[in-house]
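Feature annotations, courtesy of Swiss-Prot:
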| type | residues | note |
| --- | --- | --- |
| TRANSMEM | 35-55 | transmembrane segment |
| DISULFID | Cys178-Cys202 | disulfide bond |
| SITE | Arg180 | site 'Binding to the glycan motifs of the host receptor' |
| DISULFID | Cys192-Cys253 | disulfide bond |
| SITE | Lys242 | site 'Binding to the glycan motifs of the host receptor' |
| DISULFID | Cys244-Cys257 | disulfide bond |
| SITE | Glu264 | site 'Binding to the glycan motifs of the host receptor' |
| CARBOHYD | Asn284 | N-linked glycosylation site |
| SITE | Tyr323 | site 'Binding to the glycan motifs of the host receptor' |
| CARBOHYD | Asn329 | N-linked glycosylation site |
| DISULFID | Cys350-Cys471 | disulfide bond |
| SITE | Tyr369 | site 'Binding to the glycan motifs of the host receptor' |
| DISULFID | Cys382-Cys392 | disulfide bond |
| CARBOHYD | Asn400 | N-linked glycosylation site |
| SITE | Glu407 | site 'Binding to the glycan motifs of the host receptor' |
| SITE | Arg422 | site 'Binding to the glycan motifs of the host receptor' |
| CARBOHYD | Asn448 | N-linked glycosylation site |
| DISULFID | Cys465-Cys475 | disulfide bond |
| CARBOHYD | Asn507 | N-linked glycosylation site |
| SITE | Arg512 | site 'Binding to the glycan motifs of the host receptor' |
| SITE | Tyr540 | site 'Binding to the glycan motifs of the host receptor' |
| DISULFID | Cys545-Cys556 | disulfide bond |
Amino acid sequence: MEPSKLFIMSDNATFAPGPVVNAAGKKTFRTCFRILVLSVQAVTLILVIVTLGELIRMINDQGLSNQLSSITDKIRESAAMIASAVGVMNQVIHGVTVSLPLQIEGNQNQLLSTLATICTNRNQVSNCSTNIPLVNDLRFINGINKFIIEDYATHDFSIGHPLNMPSFIPTATSPNGCTRIPSFSLGKTHWCYTHNVINANCKDHTSSNQYVSMGILVQTASGYPMFKTLKIQYLSDGLNRKSCSIATVPDGCAMYCYVSTQLETDDYAGSSPPTQKLTLLFYNDTIKERTISPSGLEGNWATLVPGVGSGIYFENKLIFPAYGGVLPNSTLGVKSAREFFRPVNPYNPCSGPPQELDQRALRSYFPSYFSSRRVQSAFLVCAWNQILVTNCELVVPSNNQTLMGAEGRVLLINNRLLYYQRSTSWWPYELLYEISFTFTNSGQSSVNMSWIPIYSFTRPGLGKCSGENICPTVCVSGVYLDPWPLTPYSHQSGINRNFYFTGALLNSSTTRVNPTLYVSALNNLKVLAPYGTQGLFASYTTTTCFQDTGDASVYCVYIMELASNIVGEFQILPVLARLTIT
């Protein structure tokens, strides 16, 4: 074997040759140098990449900044355009909702004033039907059908002594005569009034005539208003009109009645509703009367009765209150079979299981006194521009929003619609609703009812239906006592307590006695002013308020059925009083 070239053996010792040691050091140096070079290159590459990234970011930021600047400029331009448009829209809204109505109202008042002057002065040749125009005194025009108070603040009230004025309501003229069921409507230009004149005591199913009048508000020398009668119609044609409702319409009055010569209970027991009459009485002595058959009447109703309280002329439509008995197997009867409304007085609630109270509330709509028909409220709606050629429509509210049907009144105040419903069923408090209609050219119109919670006083009622009852039960009791709202009702919390209204109540829980003028809030009576002697018998009352814009005085006319010991069972009396508000 050839000896190793790396080692030389001498005396058993091994020695590493010098040339071999130098080669190893060079190899280590080269390795370190290569690592260093690679590291420097790597660091350089990283720095280049970072630098390029930063440059790219700066370039992008500059572009984005330019884009944002452009977008910001466009937003500012749009904001300026929107602000300009909003300003124009605000001007339009203010003009339409404030300026234009005031201007129209001013023009209307000026026109009415001019018309009154022309009609009064042109005695030789006149286009007017008489020398006295059918136009209220200008002092009252702007104060009719307006809320007297609109600030929702707390107020105090006082009712002045009844003012001495000529009565615009005639009384019976014989001991066995009877005048009953007053209906009164005050419009911007004139007023309309009607009542039933019953020939044999107060049995209205036998034979009766209908008294209708129209007139204007004028100012007396004493400074307070007077109801001046300009036209009278006495409908004595053999038709036994009953439960008539009146409404002021352009140039006259509209009256809705039904004709029947049988007992009310017999009407409910039948299957075909009695004749419905719509009568138009104009200032030029023209009378137009039609028998109407409103859509939805036949096949659904056993009977339909006008609501007694006045109706309204609104958006070129006549709207009257109505109620009656629904046939159980009819379309309307089936649709409403499970509907009921059970209000609760939170200050004096009825105790008992809610499910049981609900069942009792449902049963209250079907009194056996009326052959267990569902007693339902409704509204008769007629298009004014086709009043002589087309039929009217029955608009029926949901019984989930109203109590058992009863007499009522439709009010139009500040262009807001309200509905008074007599508390004929178990609920003893005043019933007042805000209502809104949805009219359709084809198909069924609808109405939404929003109950206003009033707990300040109760009406008289018999037996288990007295004014002290607060629990659902079957009742046919109570009495018609409509209120006049002095303020708008607001659904905002905290201010509803300042909703005020006035009227004439009967101050007893069981008997129709003690007529009393009042002003009330939702939960408490503010003022009580008894009328007549203690124990005086009375019945229906209807109230209308208005303002003299000349001196800001507020007047209310309380029309009351009062017992008479001289002529007839009742005498209908209009009591005019001044209402002071502080």
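Using N, Cα and C of the backbone, Cβ positions are placed for all residues, glycine too.
Structural mapping of features recorded in Swiss-Prot.
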{"residue": "Cys192", "record": "disulfide bond", "DSSP (3 states)": "strand"}
{"residue": "Cys253", "record": "disulfide bond", "DSSP (3 states)": "strand"}
{"residue": "Glu264", "record": "site 'Binding to the glycan motifs of the host receptor'", "DSSP (3 states)": "helix"}
{"residue": "Tyr323", "record": "site 'Binding to the glycan motifs of the host receptor'", "DSSP (3 states)": "strand"}
{"residue": "Cys382", "record": "disulfide bond", "DSSP (3 states)": "strand"}
{"residue": "Cys475", "record": "disulfide bond", "DSSP (3 states)": "coil"}
{"residue": "Asn507", "record": "N-linked glycosylation site", "DSSP (3 states)": "coil"}
{"residue": "Arg512", "record": "site 'Binding to the glycan motifs of the host receptor'", "DSSP (3 states)": "coil"}
{"residue": "Tyr540", "record": "site 'Binding to the glycan motifs of the host receptor'", "DSSP (3 states)": "strand"}
{"residue": "Cys556", "record": "disulfide bond", "DSSP (3 states)": "strand"}
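Sorting the glycosylation sites Asn284, Asn329, Asn400, Asn448, Asn507 by the number of other Cβ atoms within 10 Å puts Asn507 first. With every protein chain in view, the residue among the recorded sites Glu264, Glu407 whose Cβ has the most Cβ partners within 10 Å turns out to be Glu407.
Listed in sequence order, Phe184, Ser185, Val212, Ser213, Met214, Ile246, Ala247, Thr248, Gly252, Cys253, Met255, Ser310 are the same-chain residues at least 6 apart in sequence whose CB falls under 8 Å from the CB of Cys192 (disulfide bond).
Nearest to Cys382 (disulfide bond) in space, judged by Cα atoms and limited to the recorded positions Cys244, Cys350, Arg422, Cys475, is Cys244. Note: the CA-CA distance between Cys202 (disulfide bond) and Cys350 (disulfide bond) rounds to 37 Å.
Remark: Cys178 (disulfide bond) has Ala172, Val197, Ile198, Ala200, Asn201, Cys202, Gly568, Glu569, Phe570 as non-local neighbours, by Cβ distance under 8 Å and separation of at least 6 in sequence.
Each of the recorded sites Arg180, Lys242, Arg422, Arg512 was scored by the number of other CB atoms within 10 Å of its CB, and the largest score is that of Arg422. Taking Cys392, Arg422, Tyr540 as the recorded positions under consideration, the smallest Cα distance to Lys242 (site 'Binding to the glycan motifs of the host receptor') is found for Tyr540. The number of other CB atoms found within 10 A of the CB of Cys471 (disulfide bond), across every protein chain shown, is 15. If you take the CA of Cys471 (disulfide bond) and look 10 A around it, the recorded positions you hit from Cys257, Asn284, Arg422, Cys465, Asn507, Cys556 are Cys465. Closest to Tyr540 (site 'Binding to the glycan motifs of the host receptor') in space, going by CA atoms and restricting to the recorded positions Cys350, Tyr369, Cys475, is Cys475. The recorded positions recorded for this entry are Cys392, Cys465, Asn507, Arg512, and the Cα of Cys465 lies nearest to that of Asn400 (N-linked glycosylation site). There are 26 other CB atoms within 10 A of the CB of Tyr323 (site 'Binding to the glycan motifs of the host receptor'), with all protein chains counted. Between the CA atoms of Cys545 (disulfide bond) and Arg180 (site 'Binding to the glycan motifs of the host receptor') there is a gap of 22 Å, rounded to the nearest whole number.
Long-range Cβ contacts of Cys475 (disulfide bond) within its own chain (separation 6+, distance under 8 Å): Ser364, Pro367, Thr424, Ser425, Trp426, Gly461, Lys464, Cys465, Asn469.
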